[in-house]
Structures are given as structure tokens and as C-alpha cells.
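Asker: For reference, the structure I am asking about is given below.
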Amino acid sequence: MSQSLRIVFAGTPDFAARHLAALLSSEHEIIAVYTQPERPAGRGKKLTASPVKTLALEHNVPVYQPENFKSDESKQQLAALNADLMVVVAYGLLLPKVVLDTPKLGCINVHGSILPRWRGAAPIQRSIWAGDSETGVTIMQMDVGLDTGDMLKIATLPIEASDTSASMYDKLAELGPQALLECLQDIAQGTAVAVKQDDGLANYAHKLSKEEARINWSDAATHIERCIRAFNPWPMSHFEVAENSIKVWQARVETRAVTQTPGTIIQADKSGIYVATGQDVLVLESLQIPGKKALPVQDILNARADWFSVGSQLS
């Protein structure tokens with residue numbers, strides 16, 4: 001068994017809570033948890049505790065929720081914990097150098113991609129969007145840059161043709177905790193090896209936007225299909241028809257030459273709605289019309305065949 005470390009954990013969403021759960025079941029001592037202050041959530045905009053806070057309180061772990069680390073009080077509070085290490089997973093706050101230097105062994109971060117390929121806010125989504133064949137998690141020693149620190153461990157897995165950001169998120173939420181525990185064992189035993197990132201291979205994974213998720217039918221069908229998977233569960237790829245915004249949950253690419261204007265429906269039946277694109281054909285298989293749940297195209301056509309007649313144009 002490796003040496004037990006005194007760990008401060010910093011994280012906020014469910015992805016982070018799954019890592020905290022693994023730490024709470026390990027030989028390491030979780031001496032405190034940092035998470036973002038309550039934010040209004042849901043339709044009622046009620047102040048809701050983060051999944052990390054909820055889990056920490058269930059295990060009687062002290063919780064700290066500073067707005068930032070600018071005050072002397074917040075810095076002194078962290079220093080007083082006398083931590084060996086801070087583990088950061090999707091915390092959502094920038095950590096200044098004074099915080100990074102406070103724990104004896106510094107701060108490490110679990111990042112949801114293979115660095116340095118995708119640094120930044122949306123690495124899971126961008127790996128699918130770009131057509132990458134694999135992704136994973138990188139555990140790195142944090143520095144003042146954005147995901148630029150030396151890498152301590154990389155764990156990879158393939159991106160399947162059917163993977164969405166939602167399914168990939170779940171896979172990485174299983175892979176990450178396992179990689180984290182292995183990395184902590186190396187750190188505790190003094191055998192961890194830090195590898196510098198090649199900045200020349202780095203890309204920035206920009207945040208997604210609703211505007212970006214609107215389908216451009218002039219793009220190639222392969223790119224549109226990747227966007228549909230990358231933007232699920234948010235912001236959801238969509239198009240306009242009959243002044244209604246239609247969300248696309250599932251589609252496939254059919255390789256064939258097209259002469260029609262991109263966005264033109266060239267076939268619509270129970271096998272799908274076939275739409276001309278800038279290259280090849282995109283076959284829509286599952287859609288969501290306003291006020292309804294996602295349905296197979298066959299059901300959509302039974303209800304709204306008038307919206308999807310052959311020759312009509314999607315925008």
C-alpha cells in the first residue's frame with residue numbers, strides 16, 4: 001500500500017464528484033473540499049449545492065466556497081490546512097500562483113483530453129467535433145498557464161463512431177478516477193515522472209455556443225454528423241423549418257454525389273430524411289420538434305410530413 005497523502009480536493013460538477021468519490025474510498029486523507037458558491041439552477045433558479053459539495057457533506061468533509069482567492073483570508077485558510085497536495089477537477093475558478101505553491105507537492109489537475117491536443121474549456125466536445133480517433137484524460141502538475149503544466153499520467157480510450165459528448169463524458173468519468181488513483185500512488189512513492197508538453201501540438205478547445213450548433217448545410221455531411229454528436233447534450237445541433245427550430249439527436253452519412261442545393265430534402269420515408277449537403281447526404285434519424293421529446297423520424301413524419309416534403313429546403 002502506498003503512503004497516505006493529505007489531500008485538498010477542488011471541483012464542482014458531477015464529473016468532479018466521481019473523482020472525489022474515488023478519493024474518499026482510497027487510503028488518502030481528504031482534509032477539505034473547495035467548490036464554487038451556490039448558483040441559481042433549474043427553472044425555479046433556486047440556489048443549488050454542487051454535486052461535489054453534496055458528496056463532501058455526506059462524508060463530513062469541511063467545505064470551502066470562496067468567490068476567488070484574492071483575499072488574504074482565503075489564502076491563509078488554505079495554508080492552514082497543511083495539505084500535501086491539491087487535486088483539481090473541473091473546479092471552475094482560476095488558481096493564482098500563490099495557491100498553486102501552497103500545498104507541499106503543489107496542485108494537480110485531471111483534464112478531459114489527451115494533452116496537449118486540446119487545452120481549454122471544451123476538450124471532450126472538440127475531440128468529437130474534430131474527428132479524433134481517441135481521447136482520454138491527462139493528469140498534470142498545474143502551473144499558471146491554461147492546461148500547460150507538465151504531464152504526470154495519460155490514460156486513453158477510443159472514440160467510437162456512435163459516441164456523443166454525453167457518452168464520452170460518462171466514459172471519461174470512469175477512466176479519470178482510476179488514472180488519478182494510479183497517479184497519486186506514483187506521487188506518494190516518489191516515482192511520478194513529469195513530461196513537458198509540446199506547445200506546437202496544442203489547440204484551444206473553445207466553448208460551445210448555440211450559434212455554432214446551427215447546422216450549415218453547405219458543410220460536408222461527415223462534419224455535420226460529427227457536430228451532431230459533439231453538441232449532444234448541449235447546445236444540440238439544430239436547423240429551421242416552417243419557422244420552427246428542430247433539434248437533431250441522431251443522423252448518419254450516406255456517401256453519394258448530390259446535385260441539389262445544400263439543405264434540400266431529397267428523400268423522406270421511414271428510413272430517414274435525406275438532406276443534400278456540401279458533400280454527400282446526411283440522413284436524419286431522430287429529431288425533436290418544439291415542445292416534444294426526441295422521436296424517430298418515422299414518428300415525426302407521421303405527425304409533420306408537411307414540414308419535410310421532398311424538394312423543400314431546410315435552413
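Glycine is treated like the rest: Cβ placed from N, Cα and C.
What Swiss-Prot records for this protein is below:
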- SER113, ILE114, LEU115, PRO116: (6S)-5,6,7,8-tetrahydrofolate binding site (BINDING)
Asker: Using a 10 Å radius around its CB, how many other CB atoms surround SER113 ((6S)-5,6,7,8-tetrahydrofolate binding site)?
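Answerer: Its Cβ shell of radius 10 Å holds 28 other Cβ atoms.
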Asker: Within a 10 Å radius around the Cβ, which one of these binding-site residues has the most neighbouring Cβ atoms: ILE114, LEU115?
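Answerer: Neighbour-count leader: LEU115.
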Asker: From the centroid of the CB atoms of SER113, ILE114, LEU115, PRO116, the recorded (6S)-5,6,7,8-tetrahydrofolate site, which same-chain residues not already listed sit within 8 A by their CB, in sequence order?
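Answerer: Residues close to the (6S)-5,6,7,8-tetrahydrofolate site, other than SER113, ILE114, LEU115, PRO116: HIS111, ARG117, TRP118, ARG119, PRO123, GLY136, THR138, ASP147, MET151, ILE154, GLN197, ALA202.
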